[in-house]
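According to TrEMBL, the coiled coil annotation covers 337-404. Taken from TrEMBL, the feature repeat 'WD' covers 472-515, 516-563, 564-607, 642-668, 669-717, 752-777.
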Amino acid sequence: MDETQYANGHKMYVFRKGKNVRSMHEPKHDEKGFPCLSNKSICSSKAMSKDTFRNNKNFKKEQQNLLHFTKKMNELLVLTCAAWEKFFCENGRKKNLNYLKKNRKKIVKDYNLYVFINFSLFFVKIKRSLEENKKIMKQVNERTLNDDVKNEVTSLPVESSCFNKDWVLRFHQEEYIKHFICLVCKQIANNAMILECPQHASMDESLIVGEHCMELFLKNNNNSCPIQSHDNCLYSRDNTARRYIGDLSVICIRQFEQESKTSNKTENEGEAPGEIKCNFKGKLKNLYGHLNNECPLQLINCWFKPFGCNYLCLRHSLKDHLIENIQQHFDLVIRLFQSMKQTIQLQQDEANQLKLEINHLKIQIKNNDQNTISNEIDKLKQEIQLKNTQIIEKDNQIKQMERDSNQELLKCRADIEIIKKDFNDKEKQLLSNYDKLVTIVEEKKENDQCPTLSSSFTFDLFSSSSKLLKSFHGHTDRVTSIDYSIFDERQLLCSGSWDKTVRVWDVDNNKQIQLFNGHSDYVYCVKFSPYHYHNHRQNVICSSSQDKTIRFWDFKDNQQLKIFNGHTDWIDGIEFSPFNNGRYLCSGSADKTIRLWDVETSKSLHVFYGHTDTAWCVEFSPLQSNNKNDNKSNNIGIIGGNGYTICSGSYDKTISIWDIETTKQLVVFKGHERAVMSVQYGSNELGNIGGANTILSGSKDNTIRLWDIRSSQQIQVFNGHTKEVMTVVYSSFVNSNSNICDRNGIEIGDISNIICSGSFDNTIRFWDIRSNKELHVMKGDDKEDDGIRSLKFLPLEKKENAKNVDCGFNLCYGSKKGPIRVWG
């Protein structure tokens, strides 16, 4: 097979048969004179050298493929001739048809033309299928349009801009369409939307905007309204306007644009010869189907675009372009054909190279298999011998270890017997010493008087002898929170109020010593900071407010130290941790979260989510040690390392327990019928009822409730208040019956079992949590107090030479109208 170079730049291939050469561009002809490709004219197995191709399996496959290709080419050629005849007849070119019949041999002299004719036939078939598809699509569009007419709602493509007003005015007066002008582009609204912002409810004019214009305007103007600058612009689909606009009569938009371009020419020039016009006149809602299927002004691509021809023209000009550029299109097809052939040749070369490499590898594998197998067998034998040696050594080591362990066990048994003997001797000696000590103590106590009152303070003494001791006046609105501490041997109170101030009071001198008014809204909670006192010897108060901040105040130096920002709504309860010297602070907020803060670094450590309404009050669990002077228990290195928790009460009527270390919600108590206003843990020093595993709560449903953490159940309900219970506390009082001495003067039953509650019914009530009875009621001043908002027990300092017996505590409360009272 040889390669021949032609003048047109294309290469063709011929096959040799002996001395005769038959070219592929010299085919036989059929009865009508058209070229006919036969199997023998293209390729014959006899034309090949038997010695060359006898054992070539690849060539046989290529030969079969070529014969199949030849058969298909003959079929396509017959159809091609018929297609060319029809093509010339349709265009009325009989002369060209006669010329084609007379000069068939000359026209198809070169085999390259066969290829082009077949590709032409291929695209003729594509064209016919496209025309059939268009007819089908036209029918579908007509059905869709009919359905739209039935629904009386017309929708044109959303991507389209609004319609040209001058175009629509060709058939309509301006008054007829003025109510459908787009507010953005001032053209006829496409896919009309109506603005429904409440800010424009008083406007009489039509607020119509095209859907595409609306989207662009909102995107470019940060969702601002097209009429006035405001957020949250409201708009909806205006079906009435869309039906009305869809029924407008128009001409073809392409015809309108063509006329607009030619309107600048002078009237003398007249119409351009051969100018194509579109005669469409109909409703605007039918325009989209016309433009895509019927418009003679529609631009279409050349049939040979897949081969590289990017020519774009009107539908009627396409045939002229195909005829005039037949050689160019043929060159494009041949170029693609050659590129594909080169790719195939490269792939075949790569395949042959891979076959050679595979054969070479097979030979190497056969040569190396025997040597490799023998070497691996030798290595395995050596490894087996080594493993056997190691096993023997391990067995010897195990036997030696067993002997050594037996000897050690005998020694341990002997040592245990010696230790037991020593322990028994020492135990006998200690018992003897203890008996002697008990005898000495009994003899000493017989000489002393048995005390009639324990160190604990009885409730009976308080209830029978308490009276109003002093009042603090200064706040002008309800006192939401009070706290007590001792600084420089002075008893101090701090208070927060709805009058937006934080105040500090000297209890002994009954006067106000400091006032802070930095908050811009209600103050809800105040606490003395143990962290600043223990670590920096500073006198600091922490306060929370409706202004969404937590602030720290140095009341000795009269300055604000820091501000915590993080909550997104007003902040209610705050509480310092009983461990780590109060380094950690928790806070509840109307943003439905509880936050844990590190006071030292001023950072928010964690946010607890779970409540569905305001988290009003928060409380840390008490220290897990009965020894209050043990500094180690008050310096826990890891938060929650010893199982500390946070309790929170919420406006969602629930109480939640949160694990500080794992940040998980452990328990949820449900039972209150209104918001929970106050919660408090029981002390570790209390008994089973009211102990560290209990929670005390007060609510706006006028009740106090006691909850068991271990069983997640309600224990007690205390009813008696007639209005909201705003605060509850565990008291340090015990019943007098609990403080009696045995014959040795040792107190028995020294356990507090009394709780205290304050309410907007202007009473403070005391309850026995064991018997669920109301023990005592204190009533505030009806005119000046009008309700109890906060409570605090103030421990009395022990004074030397004190002769009077007192209960050891004073009770302080903040009222609804502002005064702070101290009873004792």
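Cβ coordinates come from backbone N, Cα and C, glycine included.
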Beyond the flanks of the repeat 'WD' (564-607) by 6 or more, those residues with Cβ under 8 Å of it: 521-522, 524-525, 527, 529-532, 534-535, 542-551, 613-623, 633-636, 639, 642, 644, 646, 648, 650, 658, 660, 663
Integer average pLDDT (0 to 100) for the repeat 'WD' (516-563): 93
Counts of helix, strand and coil residues, the repeat 'WD' (669-717), according to DSSP: 0 helix, 25 strand, 24 coil
Tally of DSSP helical, extended and coil residues in the repeat 'WD' (516-563): 7 helix, 24 strand, 17 coil
